[in-house]
Amino acid sequence: MGCLGALLFLLGGLGALAQICEITEVDSTLVERLGQRLLPWMDRLSPEQLNPSIYVGLRLSSLQAGAKEAHYLHSLKLSYQQSLLSNDNSDSEAKPSMGQLALYLLALRANCEFVRGRKGDSLVSQLKRFLEDEKGAIGHNHQGHPHTSYYQYGLGILALCVHQKRVHDSVVGKLLYAVEHKQHLQQGHLPVDTLAMAGLAFSCLKLSNLNRNLRNRSTVALGRVQEKILKAQTPEGHFGNVYSTPLALQLLMASLRPTVELGTACLKAKAALLASLQHKAFQNPLMISQLLPILNQKSYVDLISPDCEAPRVLLEPATETPSQTQVPEFIHVTLKVSSTFLSYRHSVSVPVSSSLEDVLKKAQEHSRFTYGTQASLSGPYLTSVMGNKAGEREFWQLLRAPDTPLLQGIADYRPRDGETIELRLVGW
């Protein structure tokens, strides 16, 4: 069995193996700093910047934001109810996407609310319509693809599940088929976050006793999800990458199939994740909101029966301390664009600690470079470069030369001096 296997056996059998995926010993100061990074985002109350995931993450964490938290939920309710229940259908882009609506329903459940009444029925009906539309896009033969993603598809099923709202077996069946058939989820890489979200949805359906006809099939699918996530573990210990690891651990720590392999993988993942916390890898509010629950031994599945009376530590705004490190005032970043239709290369000078988005803005000001973005809950993402808009199954990939894909978006990634960043139009 080996030393580690023997240690895991001594921890108390399968029950202890399952608990190994829980992160219980974390410096409270590190956790508090994560929460503090969310506080400025809670002051951004415009409809395009409201992010239900922030509220969900805090409510499932050991932290609270006091009156600001309650005000944020109130703002969410006003924005989402007004946009969805408005009779004006002309501005469809202003209405929440399927993923945004699903996260809003999770936020309500995180406050121990069930959707009820006419307004609640409208929210549920809208989300079910989204799922039905996606089911139609996938097609009877499973040869199509959702308009959004299987991630949002699984999130939608999960959101309805925690509110005890059943969806048709055929809707769940599309997600089951996607997990059962590797080609639907593996497109050049294994999307661990998609697998984890699907697994969380299946777990909720089982625990809530919904879609009983699919219970056995869901159990098998959960096993496959766990197996694929474990196979996607990197040598460093992350499941997929550092940012997909929190959602993977949300699923694995509630695993109904604890094994020595699972315990070993979770020990390695926890060590890698704690190291990433020390290096301040988590800055994006969506990623932080997925991480905070597991630092409190919680997952989205706990929203089936949330504990809204659990004590939580009140967050105080972070105090800024001047850096003692001497750094150059400016850095030089080369921006490169490669596609079938165009070629571009230009060096840009920006202040140190600038984001990639700052680099793009500077390039647009001083050269022929142009770009377009679209807002999302994880931040702005590129939709067009030099007038070339990504098609239905294309996206502008961000790479650090020579060929390393960036794990962060344009607002979060901070280039270093001398780096070359390539924007490449790719299909998926």
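Every residue gets a Cβ built from N, Cα and C, even glycine.
The annotation cyanocob(III)alamin binding site is assigned in TrEMBL to 148-152, D193, N241, Q290, 381-382, 396-398, L406, W428. Around the Cβ of W396 (cyanocob(III)alamin binding site), a 10 Å sphere holds 22 further Cβ atoms from the protein chains shown.
The disulfide bond feature in TrEMBL is assigned to C21-C266 (among others). Counting only same-chain residues six or more apart in sequence, the Cβ atoms lying under 8 angstroms from the Cβ of C266 (disulfide bond) belong to I20, C21, L249, L252, M253.
For C161 (disulfide bond), the same-chain residues that are 6 or more apart in sequence and have a Cβ closer than 8 Å to its Cβ are A201, C204, L205, S208, L210, I304. According to TrEMBL, the feature disulfide bond maps to C161-C204 (among others).
Per TrEMBL, the feature signal peptide maps to 1-18.
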Once near-sequence residues are set aside, which residues in the chain of Y381 (cyanocob(III)alamin binding site), 6 or more away, have Cβ atoms under 8 Å from its Cβ? T373, Q374, F395, G409, I410
